[in-house]
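**Student:** Quick one: the structure is below, questions incoming.
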Amino acid sequence: MPWSSRGALLRDLVLGVLGTAAFLLDLGTDLWAAVQYALGGRYLWAALVLALLGLASVALQLFSWLWLRADPAGLHGSQPPRRCLALLHLLQLGYLYRCVQELRQGLLVWQQEEPSEFDLAYADFLALDISMLRLFETFLETAPQLTLVLAIMLQSGRAEYYQWVGICTSFLGISWALLDYHRALRTCLPSRPLLGLGSSVIYFLWNLLLLWPRVLAVALFSALFPSYVALHFLGLWLVLLLWVWLQGTDFMPDPSSEWLYQVTVATILYFSWFNVAEGRTRGRAIIHFAFLLSDSILLVATWVTHSSWLPSGIPLQLWLPVGCGCFFLGLALRLVYYHWLHPSCCWKPDPDQVDGARSLLSPEGYQLPQNRRMTHLAQNFFPKAKDEAALPVKG
């Protein structure tokens, strides 16, 4: 195997280890914070932290279990019996099991001098599912936890060391999950245009900078009006859920479980953009961007008209320039990315190759694993991929 290929396999293995470590670190900091809140008599805060952890974990296990049930028979040849897998998911260990399975397969293909096409495709299959689950966990648990911690700090006027650790790990975890998910989507495209270092940095930064003002706006509103933030989230979430439902998603293995995906996507859209339907994304992205921006402006107007100071005595005017600066810088970097670094800007499809023709069959002629869930999403995110995949094979 060429050194470049072995280097790519090693890079994927290291990224898998780092992703799993980041998940465990984030989980540990959340549990640490919950214990500290309980010891300090802040039982409501501790209960909120644990509730967010529990809800996100249950959703993650449901996704994982439904996907495992729908995977082709015999695909996961060395996995435990179905009853053991069901028990693992019931104990909230299904996601960690998948992480271990991915790392084991990644180590296997890296150690082989000439890994088979099946082993390589199976490693990609596992990594793509992990990437999707990590994204769901990020917006179901990490982003709400980050908002909660910021609201607690702003309301109390104190910042404990474990809270700073939680904030740092949350921001990095969210941006990492978005970057890893976007990188995974690119591997599903016909020409497999991987993210370079420059485009990775730009993509990482614009997601971080645009997410920060949104989280800050909701956190400040929560600190000033803790009794109304749940109503605000529920009202906005229902509108976003209706929008997702009207787009007719078909991501899950069967229609009866599609609701889980739709409610999760509606939660993601509360914080960030996520494309769920076929067709050109620019119009939908602009509508969502304007909707979220209008909501954040209304939150800011609510602060200004009701109070100029937080309960902790911190003037709100100190936070507004920070949020605005991050927003405009993130918006500029987003425009740079989509104008010069997006795959559609330098699309170089192979006209002799149809999407899937390369990856569905091995040289020996047997079927290779293909993660149709992520391939479908990649075609939604990058419409040109579907257009090029539909080209007839020449020759």
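Note that Cβ sites are derived from N, Cα and C of the backbone, with glycine treated the same way.
Below, the features straight out of Swiss-Prot:
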type: TOPO_DOM; residues: 1-12; note: topological domain 'Cytoplasmic'
type: TRANSMEM; residues: 13-33; note: transmembrane segment
type: TOPO_DOM; residues: 34-47; note: topological domain 'Extracellular'
type: TRANSMEM; residues: 48-68; note: transmembrane segment
type: TOPO_DOM; residues: 69-158; note: topological domain 'Cytoplasmic'
type: TRANSMEM; residues: 159-179; note: transmembrane segment
type: TOPO_DOM; residues: 180-200; note: topological domain 'Extracellular'
type: TRANSMEM; residues: 201-221; note: transmembrane segment
type: TRANSMEM; residues: 224-244; note: transmembrane segment
type: TOPO_DOM; residues: 245-258; note: topological domain 'Extracellular'
type: TRANSMEM; residues: 259-279; note: transmembrane segment
type: TOPO_DOM; residues: 280-284; note: topological domain 'Cytoplasmic'
type: TRANSMEM; residues: 285-305; note: transmembrane segment
type: TOPO_DOM; residues: 306-312; note: topological domain 'Extracellular'
type: TRANSMEM; residues: 313-333; note: transmembrane segment
type: TOPO_DOM; residues: 334-395; note: topological domain 'Cytoplasmic'
type: MOD_RES; residues: Ser362; note: phosphoserine
type: MOD_RES; residues: Thr375; note: phosphothreonine
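A description of the local structural setting of each listed feature is requested, covering burial, neighbours and distances.
**Tutor:** For the topological domain 'Extracellular' (34-47), the DSSP-based tally of helix, strand and coil residues reads 11 helix, 0 strand, 3 coil.
Proximity of distant same-chain residues to the transmembrane segment (159-179), defined by a Cβ-Cβ separation under 8 Å and at least 6 residues beyond the stretch ends, is recorded for 19, 22-23, 25-26, 29-30, 32-33, 36, 134-135, 137-139, 142-143, 145-146, 149-150, 152-153, 195, 200, 203-204, 207-208, 211-212, 272.
Sequence-distant contacts of the transmembrane segment (201-221) (same chain, at least 6 residues past either end, Cβ-Cβ under 8 Å): 143, 146-148, 150-151, 154, 171, 174-176, 178-179, 182, 195, 228-229, 232-233, 271-272, 292, 296, 299-300, 302-303, 310, 316, 319, 322-324, 326-327, 329-331, 333-334, 336-337, 341.
Using a Cβ-Cβ cut-off under 8 Å and counting only residues 6 or more beyond its ends in the same chain, the transmembrane segment (224-244) has close neighbours at 151, 155, 218, 262-263, 265-267, 269-270, 276, 295, 299, 302-303, 306-307, 310-311.
Tertiary neighbourhood of the topological domain 'Extracellular' (245-258): same-chain residues 62, 66-67, 69-70, 265, 276-277, 373, 376-377, selected by CB-CB distance under 8 Å and a gap of 6+ residues from either end.
Same-chain residues lying 6 or more positions outside the transmembrane segment (259-279) and placing a CB less than 8 Å from one of its CB atoms are 59, 62-63, 66, 135-136, 139-140, 143, 178, 207, 210-211, 214-215, 233, 236-237, 240-241, 243-245, 247-249, 251-252, 285, 288-289, 377, 379-381, 383, 386.
Counting same-chain residues at least six beyond the ends of the transmembrane segment (285-305), those with a Cβ under 8 angstroms from any Cβ of the stretch are 213-214, 217-218, 220-221, 224-225, 232, 236, 269, 273, 275, 316, 320.
On the 0 to 100 pLDDT scale, the topological domain 'Cytoplasmic' (334-395) averages 57 in the predicted structure.
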**Student:** With a Cβ cut-off under 8 Å, give me the same-chain residues at least six positions beyond the ends of the topological domain 'Extracellular' (34-47) that come close to it.
**Tutor:** 53, 148, 152, 160, 162
**Student:** Suppose we draw a 10 Å sphere around the Cβ of Thr375 (phosphothreonine). How many other Cβ atoms does it contain, all chains included?
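**Tutor:** Its Cβ has 21 other Cβ atoms within 10 Å.
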